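For reference, the structure discussed in these notes is given below.
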Amino acid sequence: METLFLEQNICFSAIFFILGAIVGSFLNVAILRYNTGLSFVRGRSMCFSCGRELSARDLIPVASYVMLRGKCRTCGSKISPQYFSVELLTAILFLGVYLKEGFSLTFILYATALSLFVFIAVYDLKHKIIPDGASYALAILALFSIFFEGVHLSLPNANDWSAGIIVALPFVLLWLVSRGRWIGLGDAKLVVSFGWFLGLPLGISAVMYGFWAGAVWALSALCWQLVMVRKTRLSTNRNRLTMKSEIPFAPFLILGFTIAYFFSLNLFDLPF
């Protein structure tokens with residue numbers, strides 16, 4: 001009996017991993033075509049170097065990139081590692097949500113939410129802007145989630161309703177005080193969903209993890225850049241990172257959410 005259960009669990013894990021990879025493939029299309037006027041579902045994918053339409057065997061999530069060694073089958077030009085990374089990341093996230101939630105309504109909620117988070121993170125990295133449509137969709141989904149306690153319907157209390165607003169409020173204040181110089185309003189729209197999805201303590205924890213991750217990355221990048229500048233004796237570079245550089249912050253916030261969600265790491269419960 002235990003062997004049968006283990007086999008079923010492995011089978012379902014594989015199914016949800018593959019499902020995540022397929023969703024990741026769609027997310028790549030959405031990231032590429034969002035705000036361009038192109039349809040997410042119409043039109044064939046093609047190589048941007050030679051213009052050849054990709055066949056079905058070139059579009060197998062994760063596997064095609066590996067088999068083609070990251071190059072176009074026809075012209076040999078390099079394929080952006082974004083495609084492989086997004087597909088693999090989404091597959092791992094779907095597997096993680098399944099192992100945490102099982103196949104339930106909460107799986108659908110969090111798998112959808114994490115898909116939107118991946119879309120936002122990569123889009124922000126590429127364009128330094130958080131798509132409002134994705135943030136609003138997340139907020140609606142998160143608001144819906146407060147009506148459930150696990151798989152059971154639950155009437156939300158005042159703390160549940162206010163959690164999203166309280167988590168976002170410091171971002172709004174920073175945006176107002178700095179007139180958008182310190183932080184964008186898009187970040188405030190994004191973290192509203194943190195409070196509603198995770199509750200107030202975990203929502204605040206997720207934001208703090210995001211700030212810490214961003215600070216570690218920025219300091220590491222500045223130190224590395226300083227070392228490289230001294231080695232190469234370069235004094236000016238328009239692409240150099242400075243304290244005034246605009247840094248996409250959504251990926252770090254989303255990393256914080258992922259840590260708080262999967263590991264339930266509540267800063268208010270830690271012994272320090």
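Keep in mind that glycine also has a Cβ here, set from the backbone N, Cα and C atoms.
What TrEMBL records for this protein:
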| type | residues | note |
| --- | --- | --- |
| TRANSMEM | 12-34 | transmembrane segment |
| DOMAIN | 18-100 | domain 'Prepilin peptidase A24 N-terminal' |
| TRANSMEM | 83-99 | transmembrane segment |
| TRANSMEM | 105-123 | transmembrane segment |
| DOMAIN | 114-219 | domain 'Prepilin type IV endopeptidase peptidase' |
| TRANSMEM | 135-155 | transmembrane segment |
| TRANSMEM | 161-178 | transmembrane segment |
| TRANSMEM | 190-206 | transmembrane segment |
| TRANSMEM | 212-229 | transmembrane segment |
| TRANSMEM | 249-268 | transmembrane segment |
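Here the domain 'Prepilin peptidase A24 N-terminal' (18-100) is broken down by DSSP into helix, strand and coil counts: 44 helix, 4 strand, 35 coil. Using a Cβ-Cβ cut-off under 8 Å and counting only residues 6 or more beyond its ends in the same chain, the transmembrane segment (105-123) has close neighbours at 20, 23-24, 27, 30-31, 34, 82, 86, 89-90, 93-94, 97-98, 129-131, 134-135, 137-138, 141-142, 144-145, 148, 150-151, 190, 193, 197, 250-251, 254, 257-258, 261. Looking only at the domain 'Prepilin type IV endopeptidase peptidase' (114-219), the predicted model's pLDDT averages out at 92. Against the transmembrane segment (135-155), the recorded stretches 161-178, 190-206, 212-229, 249-268 differ in Cβ pairs under 8 Å, and the greatest number is found for 190-206. Residue counts of the domain 'Prepilin type IV endopeptidase peptidase' (114-219) by helix, strand and coil are 83 helix, 4 strand, 19 coil (DSSP-based). The stretch in 161-178, 190-206, 212-229 that contributes the largest number of Cβ pairs under 8 Å to the transmembrane segment (249-268) is 190-206.
Distant neighbours of the transmembrane segment (190-206): 110, 113, 120, 130, 135, 138-139, 141-143, 145-146, 159-160, 162-168, 171, 250, 253-254, 256-257, 259-261, 264-269; these residues of the same chain sit at least 6 beyond its ends, with a Cβ under 8 Å from one of its Cβ atoms.
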